[in-house]
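Asks: Below is a structure I'd like to ask you about.
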Amino acid sequence: MANSPDIRRQLKTYGLTPPAVESHEVQAQRCLRLLAMKPTPIEKFQYLTHLRATNVHLFYRLMSENIKELTPLIYTPTVGEACVRWHEIWTQPEGMYLSWNDRGHLREILDNWPHEVEITVLTDGSRILGLGDLGVNGMGIPVGKLALYTACAGIRPSGTLPLTLDLGTGNEALRNDPLYMGSRTPKISAAEEKEFLDELMTALTDKWPSIVIQFEDFKSPFPALERYQNKYCMFNDDVQGTGAVIVGGFINAIRASGVPAKDHRAVFLGAGSAGVGVAKQIVEFFIKEGVTEEEARKKFWFVDSKGLVTHDRGDKLAEHKVYFARDDNNGRQYQSLSRLIDFVQPTILMGLSTIGGAFNKDILQKMAKLNDRPIIFPLSNPSSKSECTFDEAVHNTEGRCLFASGSPFPSLEYNGKLLTPGQGNNMYVFPGIGLGAILSKSITISQDMIYASAESLSTALNKQETADGWLYPDIRRIREVSVVVTRGVIRAAQQNGVDRAVELRQMSDDQLDVYIKERMYDPFNEIEKTTYPVTQPAGSGHHPFANGNGVGHVTNGLNNAHL
């Protein structure tokens, strides 16, 4: 509908659409009206999925102008329901599926993907958000994540590959569901997964030597991260991205609290991979503030389903929990979060437990009594799993809390002042990590590059956001924020010597920002870039077919649905 009559004639589409030539503004208005007609979030998700598949530039124009409103519909929290129901709502392929039965042929299968890939997000679906093992239904996560890579950091849509590994599932209900589209077998063993991933990583980097590989929603993320992070350009967003985005907001919360870094104490509810990943990156922050690693490590008290994580509680600790396990509990075991808060008197309370409502009135009021500006971060997704809401945190801390959550919550008015919650959404950092790795042509993604994304994020607030006490920038400025994060990631790659685009080292920060912006996909100028072969003059003032219709087929490979 945006094509002129002349272009429609050349594309042989004249007469196949209504005669009006529409501007983007008119098209966007129609899309938003159609979206408003959908009564439930999952129906809105399905409409946006269809729009992305049939009119990719219009979809990303809509995203760029409505990022705050549409992100919850294409990613968390709606993507959680979409994954649970993926076998019921699936209508078209949107990525690649590689099965355990395909081993030995993975490289050959990758040749079926028609585009040159810059970045892939891959999952085995074994731990989707807080929803458990969903098998191949987990494809909603790579699809949604890569849409955000494009919307937030301008990575070209055709350069992204959503990838789901069908390695069986422990979800018996799904295996028995006639609509389930994956293998109806139990989850393979850890040794078999290692064998499969070794072949996959070799295949991906042979097919696309500069590919950035992001792991997502694996039940046990650490083995693959430790095995591959120094060999491939890869990272795990659950561990490293989550840690980085929380550190970015945490740095600003520490500044706002008025308490010196050395005097903070943190209680973490939830001792899974995400919680430990966050804490390890906060340890880096404390070390940079002049605290020793041992002192920094001792600032954390982790609580899991069995209570305080200690060396002497009688069970064998998972390997990733050992680093933060306490040995100063004098033989006492704390199974109650409330009692532990009395004992530790923390300045910081973080939740990565997926236990909705775990930070109840009693817990929040204790934090308010202990601190002038308590730091409250309920980070579990989706919102139904959040440890508390923004409203609960504000009203039970007399409006004094420094708050960030994993899921979005609305602003509210308290004592005549409009308060806006921070959202520690990974989309603040992972797009910049990916784009920084792509542009610097990194060999690996170092821990310094991950930490640089957090540090850069903490500097990305503008003056008004800082004055209003925000911990994170306005999500509507995400493209600007991604430039700052990308620059920081590139500089860290240069300092670590893992960059291959060495010509970028000579650029000033301002020059590098311009370089980054020029290479970001912009859905608004895609049509302007498009040219069509003209075999006959259009004939000014005449009907489009006045000069005959003997125009050859367009051979520039563009899909008319994208125009």
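All positions are counted from 1 along the displayed chain.
Any Cβ shown, glycine's included, is placed from N, Cα and C.
As the structure is a computational prediction, the values presented were derived from the model and not from experiment.
Below, the features straight out of TrEMBL:
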type	residues	note
DOMAIN	52-229	domain 'Malic enzyme N-terminal'
ACT_SITE	Y75	active site, proton donor
BINDING	R127, N381, N425	(S)-malate binding site
ACT_SITE	K145	active site, proton acceptor
BINDING	E216, D217, D238	divalent metal cation binding site
DOMAIN	239-494	domain 'Malic enzyme NAD-binding'
Asks: Do any of Y75, K145, E216 (recorded positions) have a CA within 10 A of R127 ((S)-malate binding site), and if so which?
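Replies: So the list is E216.
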Asks: Given the binding-site residues E216, D238, N425, which one's Cα is the least distant from that of the residue listed as 'active site, proton acceptor'?
Replies: E216
Asks: Using other CB atoms within 10 angstroms as the count, which residue among the binding-site residues N381, N425 scores least?
Replies: N381
Asks: Centre the Cβ atoms of E216, D217, D238, go out 8 Å, and tell me which other residues of that chain have a Cβ in range of the divalent metal cation site.
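Replies: For the divalent metal cation site, the extra neighbours are T123, R127, I128, I141, F215, F218, P221, N236, D237.
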Asks: Out of R127, K145, which of the recorded positions has the smallest number of neighbouring Cβ atoms within 10 Å?
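Replies: With the recorded positions R127, K145, fewest surrounding Cβ atoms within 10 Å: R127.
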Asks: Give the sequence-ordered list of residues that share a chain with E216 (divalent metal cation binding site), lie 6 or more positions from it, and have CB atoms under 8 Å from its CB.
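Replies: When sequence neighbours closer than 6 are ignored, E216 (divalent metal cation binding site) has V121, L122, T123, I141, P142, K145, N236, D237, D238 within Cβ distance under 8 Å.
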Asks: Pairwise over R127, N381, N425, annotated as binding (S)-malate, what's the top Cα to Cα distance to the nearest Å?
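Replies: Value for the max Cα separation, rounded to a whole number: 18 Å.
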